[in-house]
Structures are given as structure tokens and as C-alpha cells.
Amino acid sequence: MAERKPIESWLTDMDGVLIHEGVPIPGADAFIKKLRDSGKPFLVLTNNSIYTARDLQARLNRMGLDVPVDNIWTSALATAKFLDDQRPGGTAYVIGEAGLTTALHDIGYVLTDHAPDYVVLGETRTYSFEAMTKAVRLINGGARFICTNPDETGPSTEGPLPATGAVAALITKATGKQPYFAGKPNPLMMRTGLNAIGAHSETSAMIGDRMDTDVLAGLEAGMETFLVLTGLTTRADIDRHPFRPSNVVNSIADLVDRV
Ligand SMILES: [Mg+2]
């Protein structure tokens, strides 16, 4: 295999890499500080579409992680970028929170339940049967089905919660239509993120705690990949996949000196 070029820019997943259940992972603050001091382009990524980048900046800041708002990239922002490229100035019926509705307003989309171009499904805290029924009827009427991310469950202190991918499956069952997922593992989320910071895949690295999303998406986008073991994946899990990360490290603390 050809030698990779030196890493000029970094993309990192958030949950399981920088934070875990509302607590920063040791080394995360030093890693972010090193990145900021280096002046290298970087992005913190999350498939969670609930929050705006500004909300996430404030949440990270409370945990002692100082990440500028322009260095945060969510599946909601990736979805909005995708729709802006595909159909500028379009219309959408949205099931989601401020993270998604703000992203769509910012690209000039009109949110409507009257014959929209798209039904866009994101994460919410309260999935309403009425909203799901409306989504099913609009898709049957011709609206294209877009979903921010395919995650079937999300974390909570009381245990897993059904998430966007599970609700998408319900709508698929009722309509016979599969959604287009903009978030990880779609490499589109990496490519749009790299474009947003003016970075190139061959000189960029992706850090994540999941093989099936972070490592896969980084690999397919042509980036060097780093798997950390502070999240969902153990060393024993790695060999069960038909692909491997470029590097495996114990935690983000091991990457501070790589920046
Ligand atoms: Mg993660």
C-alpha cells in the first residue's frame, strides 16, 4: 500500500471520542487545544440532529472543551447541504428539533406540510403519531424521503432509546419507500464536512469509536482512520469486520502528539 501523505486536517466523532455520557474523556481538552493552536482545519462530527452547532458549542464548553461553532458538523447540517445542492430553495415537511429546522431555514428552505418536495426526518425527543401519519401521507403523495442518520437507538442514562433510524423503518414499512440517509456512515457527511473547512481527504484523518459508522465513512471518503477504544468498540470487535481502521489507539489522549 502506498504511503499516506502527512495529516493536515482532522475530523473527529464526538460521543465516545471526546465525551462520554456528558463527561469529557481524558485528553480531549488537550487534543482540542493542540488542534486550535496548530491552526490546522478540523471538525467535530455528530450524527445527532437535535442540536444546532451553537447549542453543541455551549454544551461542549460546559464540559471544558472550547470548540468554535464553525468547527462543529452535524447530520442536520450535512442534510441541509445535500438538499441545498440537490434542490436549492425547496420545501420540506420536517420531523425534528431546532438543529434540523434551523439548518433548513438557513439554506432558504420553506417548511410546509402542503405538497413539500421532501419529508425530512431527524431526531426528536417526542415522536408524534400525528406527525408520522402526515409524513406517510406526504411520501405517498410524492414527497421524497430524506433522513438525517440511520442510528436505530440512542444513548440515555436509563438505557437505549429508539432513534431516527427506527422511526424511519416505521415510515418505510408504511410507505414502501426507503429514505436517503445523509449522516454517517454515508461518506457524504465527511465530504461535505471536508469541503466546509477547505480540507482534502488524502491529507485528512477521521477519528471515531465505531467501526460501522466512523471508520467505514472515513475509509470510503478516502481518509486515514483512527479507532479509539473509549466508546462502543473493543479490540476483539475489530476483526469481526471486513474492513479495518488505519490505526487503533486506546484514547484521544494518544493522538495529542500526532497533531
Ligand atoms: Mg461515537
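Using the three backbone atoms N, Cα and C, a Cβ is placed for every residue, glycine included.
TrEMBL: automatically predicted annotations, no manual curation.
Per TrEMBL, active site, nucleophile is recorded for D13. With a 10 A radius on its CB, D13 (active site, nucleophile) counts 24 other CB atoms from all the protein chains.
Taking all protein chains in view, 21 other C-beta atoms sit within 10 angstroms of the C-beta of D15 (active site, proton donor). Classification of D15 (active site, proton donor) by DSSP places it within a strand. Residues annotated as active site, proton donor in TrEMBL: D15.
Look at TrEMBL and you will find D13, D15, D209 tagged as Mg(2+) binding site.
Classification of K184 (substrate binding site) by DSSP places it in coil, neither helical nor stranded. Using a 10 Å Cβ-Cβ cutoff, K184 (substrate binding site) registers 28 neighbours. As annotated by TrEMBL, substrate binding site applies to K184.
Calculated from their C-alpha atoms, the gap between D15 (active site, proton donor) and D209 (Mg(2+) binding site) amounts to 8 Å. Counting only the Cα atoms, the space from K184 (substrate binding site) to D13 (active site, nucleophile) is about 10 angstrom.
Each residue in M14, G16, V17, L18, G208, R210, D214, V228, G231, L232 lies on the same chain as D13, D15, D209 and has a C-beta within 8 Å of the C-beta centroid of that Mg(2+) site, without being one of the site residues. Candidate recorded positions: D13, D15, K184, D209. Those with a Cβ under 6 Å from ligand 1, in sequence order, are D13, D15, D209.
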